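One structure is given here, and the rest of the page talks about it.
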Amino acid sequence: MEDSSMGGVVPAEERGGEDVMAAEKDLLCPICMQIIKDAFLTSCGHSFCYMCIVTHLHNKSDCPCCAHFLTPSQLFPNFLLDKLLKKTSTHQLSKTASPVEQFRHALEQGSEVSIKELEFILSLVTEKKRKLEQEEAERNMQILLDFLHCLRKQKVNELNEVQNDIQYIKEDLNAVERHRIELYRARDRCSVKLRMVSDDPMGMRSRSSSMDRNISGLVCNSCNAQGGISSGSFPYKKEEGKVQVKPLGTLSKDSSFSGPTSQNISQSGLAVIRKKRVHAQFNDLQEFYLQKRRQLVNHLENQEKKDKSVISREGYSSGLADFQSALSTFTRYSRLRVIAELRHGDLFNSANIVSSIEFDRDDELFATAGVSRRIKVFDFSSVVNEPADVHCPVVEMPTRSKLSYLSWNKFTKSHIASSDYEGIVTVWDVNTRQSIMEYEEHEKRAWSVDFSRTEPSMLVSGSDDCKVKVWSMNQEASVLNIDMKANICCVKYNPESSKFIAVGSADHHIHYYDLRNTCHPLHVFSGHKKTVSYVKFLSNNELASASTDSTLRLWDVKENLPVRTFRGHTNEKNFVGLTVNNEFLACGSETNEVFVYHKAISKPATWHRFGSPDVDHGDEDAASYFISAVCWKSDSPTMLAANSRGTIKVLVLAA
């Protein structure tokens with residue numbers, strides 16, 4: 001009983017709160033539902049804001065509360081309610097307003113304050129102001145102090161990094177100086193042996209053949225290492241059955257060699273040109289050098305942690321060797337030279353765009369395909385060595401649809417795969433000129449196809465139907481499907497494994513998959529701003545990609561890191577081709593140019609513009625031509641390039 005009786009008791013605080021709320025409701029104007037301002041009373045006993053009731057009576061002649069007839073003459077000021085409202089406002093202000101607002105309100109209401117009280121208040125305010133300023137100054141000082149600590153830490157780290165870099169450079173300078181001295185000594189020994197041969201050829205002939213081989217090896221190795229005179233610089237005379245070496249100082253005027261003076265001049269001129277190339281790309285070369293050296297040091301430190309017996313030795317480090325290799329390769333070439341040219345187009349077919357061009361396993365044949373609905377296979381040596389206005393293909397195979405891509409089988413020389421605009425992936429036998437497998441599962445255009453290098457019976461394709469399909473030449477249906485959310489523009493097997501593929505997509509990303517678990521990619525490489533049109537592997541850890549954002553990008557698929565971005569060409573809407581080898585990347589441009597990049601340098605190493613004398617300069621379509629396909633000849637400096645007009649050129653990197 002006690003519990004039930006206690007449950008019916010309402011606390012005094014709650015009752016007080018309800019009374020206050022009810023009182024506040026009574027002070028609201030029935031028209032605007034706000035606290036009444038300038039209260040007026042009607043003859044029927046209701047109170048309103050003066051402006052609210054006057055505005056109402058302009059439209060109607062009744063009381064808004066009881067509908068009693070009412071005119072403006074029946075309105076009277078409600079002084080008692082106004083006084084009550086002022087007290088209520090003061091009470092509410094004391095509850096919600098800050099002390100400053102209350103003080104200001106009291107002064108505005110005419111409250112009397114003595115001079116002594118004002119002086120006391122002013123002193124309090126002044127002291128409070130001083131305290132706040134002090135706290136604000138301390139906060140600002142702490143922020144500045146934190147910033148300076150961070151800056152000092154950052155600069156100390158940078159200084160340590162610079163000091164480490166300087167130490168690397170000192171070590172490498174010493175190593176290079178020692179290596180150069182060794183080369184000079186080898187050159188001097190070479191010169192001594194040559195003088196001995198020149199002064200006493202009959203005596204030298206009696207020496208053992210093993211000594212001759214040793215001397216020959218020394219001459220070739222030392223001279224080639226120094227970049228100097230090779231054995232081919234010494235003309236031989238055959239007189240009376242004897243082979244004699246003609247001394248350098250006695251070369252005849254009609255000799256094909258111009259002597260040591262002109263040769264030294266040409267060598268020095270070439271050295272100057274190569275130095276200019278170094279200075280032109282100094283920042284990129286510096287970044288690449290430091291990257292290689294730091295990677296080497298980190299690798300050695302990790303080895304030392306694992307194996308305490310590892311002893312670091314000074315010498316020609318692998319990092320420096322890698323950089324020297326890249327430097328010499330980069331500075332060796334300055335242009336692309338045309339060594340052959342042919343027309344891919346048919347006389348009766350105006351559609352000449354070459355979509356794909358690929359070398360076979362042995363680099364003896366190359367195949368082309370495009371919108372002309374034909375796969376044409378050419379003999380490379382014939383194209384290069386036999387002058388002809390129109391080179392005829394050794395094999396030509398008609399297709400049902402326009403072709404987008406080709407891929408030679410690197411194991412079976414005669415097998416080549418194609419993808420077409422109807423989504424069909426076909427494997428052809430070049431010897432029989434017949435298709436041996438046709439896969440028709442793709443629902444839209446197939447953009448790319450690639451044979452595995454390690455499993456020659458396996459191939460992969462990608463399509464606008466957002467599907468990647470893995471095929472086997474041993475069965476007609478696909479063996480694996482990967483459903484993606486965007487169009488697939490390119491696919492490529494890792495050259496060292498048939499388990500890994502790279503997929504370029506219209507979602508601006510490269511998806512790297514392990515085919516043993518395709519639920520999620522191993523990694524998604526992000527950075528391109530538009531569609532990824534090509535992916536190619538330089539090695540099992542280095543992946544290059546091209547995009548219609550006018551960039552190429554290099555990625556490390558082992559560490560899942562971006563390495564470098566290459567800019568210089570123009571590519572905003574077309575497929576312009578991408579090809580790679582161990583050192584270089586090459587792509588086309590919508591300016592009808594071929595661009596070549598060294599993988600260590602973000603700017604173009606060289607480029608070549610297409611054009612031929614038979615092009616009509618008044619042709620309005622000439623400006624719309626673009627490079628549509630490119631392909632390196634393995635790891636040689638030779639490449640093939642084709643454009644949208646059907647012109648194919650054989651280009652070679654030259655000094």
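Even glycines carry a Cβ here, placed using N, Cα and C.
Predicted automatically and left uncurated, TrEMBL annotations should be read as such.
Listed in TrEMBL for this protein:
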type: COILED; residues: 115-179; note: coiled coil
type: DOMAIN; residues: 29-66; note: domain 'RING-type'
type: REPEAT; residues: 439-481; note: repeat 'WD'
type: REPEAT; residues: 525-565; note: repeat 'WD'
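With helix defined as DSSP H, G or I and strand as E or B, the repeat 'WD' (439-481) counts 0 helix, 21 strand, 22 coil.
The average per-residue pLDDT of the prediction over the domain 'RING-type' (29-66) is 90, rounded to a whole number. Assigned with DSSP, the residues of the repeat 'WD' (525-565) fall into helix, strand and coil as follows: 0 helix, 24 strand, 17 coil. Applying DSSP to the domain 'RING-type' (29-66) sorts its residues as follows: 10 helix, 9 strand, 19 coil.
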